[in-house]
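Written below as structure tokens is the structure these notes are about.
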Ligand code: HEM
């Protein structure tokens with residue numbers, strides 16, 4: 001028997017799963033522990049947690065998109081990659097909320113963070129790994145946690161989304177150098193002429209290679225948004241801490257500017273000049 005109030009809404013949840021049960025809201029909503037007790041620390045914690053949740057979905061979608069590309073199911077991959085871009089858009093907007101925090105407000109609780117820093121975000125590194133940028137330092141950070149370490153190592157050693165896209169080029173008959181197809185996935189991807197030649201051919205024959213062309217543009221979207229996220233992070237950090245060193249021990253803004261120079265899918269950007 002079910003109980004409903006006059007608006008037709010269920011009111012008897014004794015035997016039923018509630019909204020909160022399903023979403024495990026008790027765990028999520030009780031995970032904001034302000035160490036300083038300062039008002040603005042809540043914003044700082046929530047922004048990071050929200051970003052980590054979106055990163056979780058990003059990893060989930062990229063993994064599924066990679067599998068779809070491997071099995072030649074391009075439409076399904078495009079749907080997932082389009083979702084990744086929308087998520088990226090969301091986390092970029094989050095900087096607007098964080099930028100309402102002034103340097104004085106941040107200083108109220110900064111010392112409580114100790115050496116904790118987004119630099120140690122293992123999900124962020126998993127996204128970078130999936131995009132072919134292999135920075136192993138996070139493996140060292142999580143050495144003491146065998147389960148997490150094993151998960152990170154697996155992601156570190158796996159081919160990235162771009163490797164899978166290059167395989168798709170080879171499967172479509174493009175002459176891709178063997179050294180690229182058999183490359184060491186623990187190394188950051190580096191540009192290769194045979195891959196660039198293949199993408200040029202794709203962009204010059206859009207109708208013929210529509211799936212590969214659309215895949216290329218979806219990858220460019222993701223890289224573009226990733227760079228915009230990095231840029232907004234760098235500028236928001238400059239606005240809040242100026243050129244102080246980071247809690248994670250880096251030079252701070254100087255370091256964040258430097259990572260902006262990295263290209264995930266270099267040939268797809270070179271193609272723009274070569275066409
Ligand atoms: C007041 C806000 C913030 C400040 C002052 C700040 C500062 C910094 C600094 C200085 C670094 C360089 C590493 C270090 O020395 O610590 C860094 C790295 C990082 N931060 Fe933030 N951050 C802030 C907010 C965020 C938010 C909201 C996220 C979202 C998850 C985030 C994610 C990251 C990531 C992923 C890195 C590593 C970047 C890389 O290695 O390329 N940060 N942050």
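Residue numbering: from 1, along the chain as shown.
Any Cβ shown, glycine's included, is placed from N, Cα and C.
What TrEMBL says about this one:
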BINDING   44, 45, 46, 47, 48, 106, 110, 247  substrate binding site
BINDING   233  heme binding site
Point to revise | Recorded substrate site residues 44, 45, 46, 47, 48, 106, 110, 247, farthest C-alpha pair in Å | key: 18
Check your understanding: Which binding-site residues from the set 45, 46, 47, 48, 110, 247 come near ligand 1, judged by a Cβ under 6 Å from any of its atoms?
Key -> 47, 48, 247
Revision key, fill the gap. With neighbours defined as other CB atoms within 10 A, the best-packed of the binding-site residues 48, 110, 233 is 233
Exercise for review: Quick one: pull the CA-CA distance for residue 48 (substrate binding site) versus the residue listed as 'heme binding site', whole Å only.
Suggested key: 12
Review point. What residues, ordered by sequence, lie under 8 A Cβ-to-Cβ from residue 247 (substrate binding site) and sit at least six positions away in the same chain?
Key: 110, 113, 114, 115, 116, 117
Exercise for review: Under 8 Å Cβ to Cβ from residue 46 (substrate binding site), same chain, six or more residues apart: give me those in sequence order, or none if nothing qualifies.
Suggested key: 32
Exercise for review: Might you list, by sequence position, any residue in that chain lying six or more from residue 47 (substrate binding site) with a Cβ less than 8 Å away from its Cβ?
Suggested key: 94, 97, 98
